[in-house]
């Protein structure tokens, strides 16, 4: 604060160094390592394209979450208020991920709440990436069952053709909006006191 108030560097210099040397290494390397190790061990679809889509969804989700928290830490002077608002945002996102509240059970007027949840975008992208081309085959009691994964996805309120749009695109948009919002908040609203 003191260095910036004395004009040693601009808010852009500080913000870009924060992004390049704090946010990106801490949000790119861990999902790459986790995804690279866990993907094969879990037994997910063993194709190169599906693996890199999995990594992309993990990285974008991680970057989006970090940019939201970065914006909150810049926007609120009080740590306790920032923690409270951050907790409420994360609880909202968890509620509308698709695990607790199915999209189909929500009234049409409120279904947009799933769309603006970045947890939902990541969850649906990962589920669609893994299950889109699979089929559940079972033979029990003399009955042959063959259920396509698209049917299973739609049963849980997930859209089978929604990997790139809207999910991955929304994660990228959320990351961009919150990163730009963080910079603008830092540049125009954070004032140093001497």
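Sequential numbering from 1, following the chain as shown.
Using N, Cα and C of the backbone, Cβ positions are placed for all residues, glycine too.
Given the structure is predicted, the values throughout are model-derived calculations rather than measurements.
It is 54-74, from the ranges 54-74, 117-137, that TrEMBL records as transmembrane segment. Summarised by DSSP class, the composition of the domain 'ABC-2 type transporter transmembrane' (1-131) is 105 helix, 0 strand, 26 coil.
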